[in-house]
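Here is what Swiss-Prot says about this protein:
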BINDING   11, 87, 88, 89, 117, 118, 170  S-adenosyl-L-homocysteine binding site
């Protein structure tokens with residue numbers, strides 16, 4: 001019997017990969033990886049490893065979750081060391097829990113290797129601390145995508161005014177609903193907000209607005225996935241603490257000279 005390692009690849013910058021994740025990738029016989037995994041990380045796999053792309057776009061899956069689960073079980077039963085490589089952290093909106101359940105039910109040994117989630121890392125690369133003693137004593141990590149419409153409606157009632165900082169994953173498609181539900185349930189429309197596109201990578205772009213202009217900003221700035229939404233007064237710290245995109249601009253300028 002082999003073993004499956006459910007591994008977080010981090011938010012995009014390959015240098016944010018953990019040492020334990022790197023060791024697992026180097027030893028793996030089979031690696032099943034998602035779309036948001038930086039392909040540079042795959043260079044650490046051994047030459048004879050099987051690399052299987054499971055890429056998932058919003059509303060379109062190259063490989064269905066049930067198929068991925070079957071592959072994990074099949075390769076482990078063949079005695080392989082399997083790495084299931086997922087962007088960010090596998091247990092933060094990454095279906096890692098579902099995959100671990102499947103392995104447990106089938107008697108497959110497994111291990112979880114956490115990764116740095118984009119909700120913290122992308123915000124940090126945009127100069128936004130998700131908590132701050134003067135602006136945010138609590139934070140909620142939220143998915144903007146729900147299996148059931150009624151779940152979407154109900155959750156936002158609690159989130160609108162009870163949480164200082166909202167970090168929203170997969171929220172672009174439903175941004176109009178998010179804006180509407182926050183405003184309907186008492187969130188101040190002037191609350192600062194940020195979109196962080198391709199956070200921690202050389203394609204990172206941060207766009208700033210307010211809660212009452214979320215949906216129009218998506219259209220105006222042509223914001224697409226993968227993008228993180230951060231809402232709360234902590235967003236204003238960007239103007240003091242921004243560092244990464246300034247470095248990218250300096251690099252672009254030096255290369256142009």
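Cβ coordinates are placed from backbone N, Cα and C, and glycine is handled just like the others.
Of all Cβ atoms in the protein chains displayed, 18 besides its own lie within 10 Å of the Cβ of residue 170 (S-adenosyl-L-homocysteine binding site). Cβ packing within 10 Å was compared across the binding-site residues 11, 87, 88, and the lowest neighbour count falls to 87.
In sequence order, 8, 11, 88, 89, 92, 141 are the residues of the chain that are 6 or more apart from residue 117 (S-adenosyl-L-homocysteine binding site) and have a CB within less than 8 Å of its CB.
In three-state terms derived from DSSP, residue 88 (S-adenosyl-L-homocysteine binding site) belongs to an extended strand segment. Taking a C-beta cut-off of under 8 angstroms and a sequence separation of 6 or more, residue 118 (S-adenosyl-L-homocysteine binding site) has the following same-chain neighbours: 11, 12, 87, 88, 169, 199, 200, 226, 228. Apart from 11, 87, 88, 89, 117, 118, 170, the S-adenosyl-L-homocysteine site neighbourhood in this chain, defined by C-beta within 8 angstroms of the site C-beta centre, holds 8, 10, 36, 92, 93, 94, 115, 116, 119, 121, 122, 169.
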